[in-house]
Amino acid sequence: MATLWWLKALGNTVFLVVFFQLYLWLQKNPLFAVTQIPATALDDWIGFQPWTITLYLSLWVYTALPVALQPDKPRLLRYTGAISVLCLIALLVFLVWPTSVSDAVGVRPASNGLFAMLYAVDSTGNACPSLHVAASVMSCMWLQAILTQVRAPAWLNAVNVAWCLGIVFSTLATKQHLLLDVLAGVALGIGIGWASLRRAKPV
């Protein structure tokens, strides 16, 4: 983790600042008519579960781990390239096909301060694919590769997968996303994760 810590910290900060500028601009300034994503029976069954907001927000810790744990510059650059491609693909989709879950979800109660903070920044736009899901799935794949290569105990692998699944579930339970967004996010995350790990240099 101490390897290239300054580059990881600076790079992650700059990346997030640039990404959020683009993400929020697209969310607030759709260039085309916004498509409403329909709810499914599973979305209705899950309902709104406020306790999952902590899991939802934990994405920012979770996705920082693959950056922090990269052992050398080549792998750090490969991961940075992969997450950049993932985000650019999603942003391009948001540009040409704006989507929202506002009609299906309706008014979401700000049941605590964390929700109020989230709603102040993020709306129900940029819905499909879910970048929350795509980033967590790709992070899970990279973390799994790192844990396997350093022969980490099985419980750490289980925690990694459980954390990823918790974040994915939270996108549905907080009503930030619907099932169709999640499925698209899973596909994007697996696709970029698999492609980027195929030729990744072993630890």
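The backbone N, Cα and C atoms fix where each Cβ goes, glycine too.
Just so you know, TrEMBL annotations never went through curation; they're auto-generated.
The transmembrane segment annotation in TrEMBL covers 7-26, 46-69, 76-97, 117-142, 154-172, 178-197. Positions annotated as domain 'Phosphatidic acid phosphatase type 2/haloperoxidase' by TrEMBL: 119-198.
When each of the listed stretches 7-26, 117-142, 154-172, 178-197 is scored by C-beta pairs under 8 angstroms to the transmembrane segment (46-69), 154-172 comes out highest. With a cut-off of 8 Å between Cβ atoms, the residues of this chain six or more beyond the transmembrane segment (178-197) that come close are 37-40, 42-43, 78-79, 81-83, 85-86, 89-90, 99, 101, 104-105, 127-138, 140-142, 145, 168, 171-172. Taken as a whole, the domain 'Phosphatidic acid phosphatase type 2/haloperoxidase' (119-198) shows an average pLDDT of 95 in this prediction.
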